[in-house]
Amino acid sequence: MNNSLIVRQLGLQDYQEIWHKMQDFTDTRNAETQDEIWLVQHYPVFTQGQAGKPEHLLQRSEIPVVQSDRGGQITYHAPGQQVMYVLIDIKRHKNLNVRQLVTALEQTVVKTLAEYGIESYPKPDAPGVYVDGKKICSLGLRIRRGCSFHGLALNINMDLNPFHYINPCGYAGLEMCQLADFVNQDEADCDNVSAKLIKHFADLLGYNITTL
């Protein structure tokens, strides 16, 4: 197995632009293409997953709504949320299937939050990561030709109010939280968090990291 993992720090980006780049990357990759992680924050946007239902958008606003091809329901992205897109050739990993990749992503977040003294957990019936019943991380993937794209969105230090305009991930009344609710403001930093996410994800799947 090629165990190299390229990590790209992309900063603040338009959702649709990055989404289409992920599609192009996945459509054109071959057996020699190295797996990649894209770390990004997005301008404010609601994204509907393939299972998304219009009724879960409770209130219209100036925030655009984009119909995406990832799994899951509606969610919200904005600056102060660390998004980690995983462009992985699952076929390369002998003991990895889609469910196990989801578990690895959830455990990546659990281990990262544990470094801040936060006890978090996944739910078997609702992908993502939770703290005291509130959701801190959303997760949605798309698999094409055995390769993943999309990934996770971890709330760090953002305006959570637009989550009230939706039923997050299709769950009415689901409360959201973020790292800044539990730590000092200077600790709630996307760059610091992303470094921890990458380390734990690479450790879980046995990658060597190259940062670009």
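Easy rule for this one: first residue shown is 1, then count along the chain.
Each Cβ is built from the backbone N, Cα and C atoms, and glycine gets one as well.
Annotated features, as they stand in Swiss-Prot:
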type     : residues                                                                   : note
ACT_SITE : C169                                                                       : active site, acyl-thioester intermediate
BINDING  : R70, G71, G72, Q73, I74, T75, Y76, H77, S138, L139, G140, G151, L152, A153 : substrate binding site
DOMAIN   : 31-209                                                                     : domain 'BPL/LPL catalytic'
SITE     : K135                                                                       : site 'Lowers pKa of active site Cys'
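Packing around G140 (substrate binding site) is summarised by its Cβ count: 23 other Cβ atoms lie within 10 angstroms of its Cβ, all protein chains included. Once Cβ contacts within 10 Å are tallied over all protein chains shown, the recorded positions I74, L152, C169 are led by I74. Farthest C-alpha pair in the substrate-binding residues R70, G71, G72, Q73, I74, T75, Y76, H77, S138, L139, G140, G151, L152, A153: 15 Å apart. Take the CB of G72 (substrate binding site) and look out to 10 A: across all protein chains shown you find 23 other CB atoms. Across the domain 'BPL/LPL catalytic' (31-209), the model assigns an average pLDDT of 94. In this structure the C-alpha atoms belonging to I74 (substrate binding site) and the residue listed as 'active site, acyl-thioester intermediate' are separated by 5 Å. Long-range Cβ neighbours of Y76 (substrate binding site) (same chain, at least 6 residues apart, Cβ-Cβ under 8 Å): P44, V45, F46, T47, I63, P162, F163, Y165, I166, P168. Inclusion criterion for the binding-site residues R70, G72, S138, L152: a C-alpha placed within 10 angstroms of the C-alpha of the residue listed as 'active site, acyl-thioester intermediate'; this criterion is met by G72, S138. K135 (site 'Lowers pKa of active site Cys') and G72 (substrate binding site) are 15 Å apart (CA-CA, integer value). Within 10 Å of the C-beta of R70 (substrate binding site) we count 21 further C-beta atoms, all protein chains included. Sequence-distant neighbours of K135 (site 'Lowers pKa of active site Cys') (same chain, 6+ apart, CB under 8 A from its CB) are G128, V129, P168, C169, L174, E175, M176, C177. Within the same chain, residues at least six positions away from S138 (substrate binding site) with a Cβ under 8 Å of its Cβ are G72, T75, G128, L152, A153, P168, C169.
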